[in-house]
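Feature list (source: TrEMBL):
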- 1-20: region 'Disordered' (REGION)
- 70-105: domain 'EF-hand' (DOMAIN)
- 83, 85, 87, 89, 94, 122, 124, 126, 133: Ca(2+) binding site (BINDING)
- 109-140: domain 'EF-hand' (DOMAIN)
Ligand SMILES: [Ca+2]
């Protein structure tokens, strides 16, 4: 990790990225999981661009955050992070909190955004997004 910033002294982890004081420990881990894949500056810019309610667009987001140009292997890694309960699918509740995988302080998606996001990825119509659907949605 080349871009380490000093973390709060009581965290007991020397490789924490730039962090908000309110970050929960598990969210920090998730962020670190993305750290090898995504650039901190891209994450910040992508989140900033969809800060306002109902401004989220998955294509814009995936492109800004740098996932669109990633390898299949990196997309699989990203999928596994977003699939928080490790069910093998990204369900609606995980989509709703999608942005919080990238920053604990990010907002939840609105119901309209969540449904549009699901619809965009769920090509077989089972109500959740599998790893192939996820990759196709990002690349597509
Ligand atoms: Ca899941």
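Glycine is treated like the rest: Cβ placed from N, Cα and C.
Shown here: features listed in TrEMBL, placed on the structure.
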{"residue": "83", "record": "Ca(2+) binding site", "Cβ contacts under 8 Å, 6 or more apart": "89, 90, 94"}
{"residue": "87", "record": "Ca(2+) binding site", "Cβ contacts under 8 Å, 6 or more apart": "none"}
{"residue": "124", "record": "Ca(2+) binding site", "Cβ contacts under 8 Å, 6 or more apart": "130, 133"}
Could you tell me which of the binding-site residues 83, 87, 94, 124, 133 have their C-beta within a distance under 6 angstroms of some atom of ligand 1?
83, 87, 94
Residue counts in helix (H, G, I), strand (E, B) and coil for the domain 'EF-hand' (70-105), per DSSP?
20 helix, 1 strand, 15 coil
Let me know the model's mean pLDDT on the domain 'EF-hand' (109-140).
97
